[in-house]
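What TrEMBL lists as domain 'Major facilitator superfamily (MFS) profile' is 18-473. Annotation comment: TrEMBL describes 17-40, 84-103, 142-166, 178-197, 209-228, 234-253, 278-303, 315-336, 343-365, 371-400, 421-439, 445-467 (among others) as transmembrane segment.
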Amino acid sequence: MGTLADLGGGPVGRSRFVLPIVLVGTFMAILDVAIVNVAIPSIRSGLNAGFGAVELVVSAYTIAYASLLVTGGRLGDILGRKRMFVLGLLVFTAASALCGAAPDIAVLVVARVLQGVGGAMLYPQVLAIIQTTYQGEARGRALGVFGAVIGIAAIAGQLIGGALLALDLFGWTWRPVFLVNVPVGILAAVAALIWLPDDREETRTRLDLGGAALVTALLLLLSVPLLLGRDQGWPLWLVLMLVAALPVGWAFLRWERAVAARGGQPLVRLALFRNRGFASGVPIAVLFQVSYAGFLFVLAVFLQTGLDFSPMKSAMVYTPSAIGFFCTSLLAPRLVPLLGRHVLAVGYVLAAIGLLGTAATAAAAGTSLSVWALAPTMLLTGAGQGLGMSPLVGTILSGVPPKDAGGASGVVTTSMQTGNVLGVALFGLLFFTLVGSAAHGTAYATAFGELMPLSAVLLLVAAFLVYRMPQAAGQPANALIERLPGWAGGFAWSMFLATGGRVGESLFNELLSRVRGERLDRADHAPDPLGEFLSFHYRHQEEADAAWLAYLQREALAYGDRPIPHEGERTPVIQAQVAEIARRQAEGRLDPELDPALFRLMCFGLASYPTLLPQVTRMATGLSPHDPEFVTRWEEFLSRIGARLESVHERG
């Protein structure tokens with residue numbers, strides 16, 4: 001098998017080490033999220049901490065990561081991506097060492113915050129570096145490897161964490177879970193300094209530090225009371241924190257509007273929520289993450305604290321879910337062009353069924369639950385979660401203009417990480433309330449069985465909201481997802497968009513321009529007179545039809561040689577145009593040569609797929625394509641419209 005360097009556009013010489021280096025950073029960032037769940041009970045007993053404090057250990061990383069992700073991407077533009085990647089690695093590595101040496105829970109929480117800061121600094125740079133280092137087919141292959149590494153890290157986190165805890169190296173119990181990052185991070189930082197290419201700074205990018213500070217404060221005000229309230233007995237200061245979240249949230253919205261009004265680059269472009277698909281999609285992302293994060297956290301506590309499973313045994317319970325998630329994450333992008341948004345809905349329903357099955361199995365087995373008893377339902381849960389996660393970001397962004405794709409993906413990512421924080425906080429609070437003061441496994445099994453239906457309900461609500469999105473069933477959720485080579489390409493693309501920032505916007509625009517160029521090139525070389533008409537049409541469109549032309553360029557042309565759009569979308573469009581034509585004809589206002597509705601319908605067909613032309617030609621010429629006169633009449637019709645357009649253009 002050839003290397004990336006063997007492909008056109010691949011790196012040569014020392015640059016061939018670029019991909020392994022940046023993927024080490026990716027692996028560390030993802031691994032650290034998964035590995036901590038396995039270590040929760042050991043951390044709690046080792047530091048003599050309450051469950052609320054341990055929940056804060058899990059959430060501290062996510063709060064910092066969610067708050068600073070977009071800012072980290074913009075800092076890479078300003079200071080240079082190599083510099084930010086190395087600095088992020090060093091911060092992450094130093095924070096990991098501090099985690100491993102933490103003498104108490106407070107120091108561990110602070111260290112986890114620093115880990116999140118380091119992750120937000122390094123992770124957005126990974127795909128920017130891949131984008132600038134690789135070209136053509138090599139870039140697609142590199143993105144595929146990137147997607148695979150993310151899935152492998154999610155699986156490996158459970159197993160590596162369980163193995164390290166089982167080995168109990170030097171009697172350090174949970175500490176090696178964090179310390180394992182230190183030698184790897186140092187080696188990766190040194191290698192990055194030597195082999196990563198230098199890049200130019202982008203001074204036009206601006207930071208929204210006020211927005212980042214306000215969103216951080218908002219997440220803290222919402223999550224800390226939920227995490228610590230039960231253990232602390234809900235003192236007044238925690239209640240006041242929850243109350244203060246409202247004015248801080250209002251201040252954040254006002255701040256973002258003000259930044260946008262003065263031409264800045266806000267952390268969240270609130271105008272994006274005027275897009276119905278985006279406004280419906282963000283709540284779906286939050287609901288999914290609340291359910292997913294809450295499930296992972298509660299399951300870890302239930303298995304290790306309630307059932308006294310060893311860390312390795314607990315990791316084995318997670319493994320079927322991780323395998324199912326990984327496999328369907330790779331499969332989902334291939335299903336999207338066929339099933340459209342149904343892929344998301346099916347995924348959420350399957351995951352909900354899996355959660356209900358897991359809850360029922362756990363409740364029935366009680367303290368006698370075995371590892372393999374949960375394997376079928378865990379596999380189903382993971383498979384559903386993979387279908388619901390992999391195409392999610394692309395689906396939400398499918399209706400967003402390309403120029404806004406980077407900023408929109410940053411909003412989606414921040415929303416998902418917020419859901420992660422709230423999931424741990426909310427489910428932790430409810431779970432430990434249900435367990436009460438009981439210390440036996442039966443109480444944990446009962447609480448787990450009662451709480452998992454809530455996680456399933458959240459997924460079913462998300463499945464319902466999928467059908468509030470305007471994309472028609474059968475339309476690909478991401479116009480460019482199938483353009484990436486390899487079966488892992490779609491997964492890599494979705495995860496790429498999930499990183500947010502200007503990197504996502506840059507790649508989106510580049511791919512969109514390439515596909516659009518290919519489509520226009522085919523139109524320019526089409527047989528005469530069709531090719532002449534199409535090229536003339538694109539160059540000399542009437543001002544009144546500018547909006548329709550923009551639709552064709554933005555939506556239809558982006559799909560390459562696929563049927564455009566798919567049946568589920570084009571049918572209502574055609575029906576609406578036919579109804580308008582009928583009304584104009586009944587009112588005596590129909591111009592058979594250049595009526596706007598008739599013309600738009602024809603453009604829709606021409607910019608669509610040849611199989612749509614018979615429906616258009618019957619309306620335009622009154623003849624079936626099988627009639628002997630069809631070709632002559634069709635060419636006459638196109639020529640007449642072309643002449644009319646030319647005369648209009650000359651008069652203008």
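Note: Cβ is positioned from N, Cα and C throughout, glycine not excepted.
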Criterion met for the transmembrane segment (234-253) and the transmembrane segment (278-303) (at least three Cβ pairs under 8 Å): no
Which of 17-40, 84-103, 178-197, 209-228, 421-439 contacts the transmembrane segment (278-303) most, counting Cβ pairs under 8 Å: 421-439
Outside the transmembrane segment (17-40), six or more residues from its ends: residues with CB under 8 Å to it: 4, 11, 54, 57-58, 61-62, 85, 88-89, 92, 96, 115, 119, 122-123, 125-126, 129-130, 133-134, 142, 145-146, 149-150, 152-154, 156-158, 160-162, 165, 174, 177-178, 181, 184-185, 188, 191-192, 195-197, 296-297, 300-301, 304, 311, 314-315, 318
In contact by Cβ distance (the transmembrane segment (343-365), the transmembrane segment (315-336); 3 or more pairs under 8 Å): yes
Averaged pLDDT score, the domain 'Major facilitator superfamily (MFS) profile' (18-473): 82
Top partner of the transmembrane segment (178-197) among 84-103, 343-365, 445-467 - counted as Cβ pairs under 8 Å: 84-103
Winner by Cβ pairs under 8 Å against the transmembrane segment (445-467), considering only 84-103, 209-228, 343-365, 421-439: 343-365
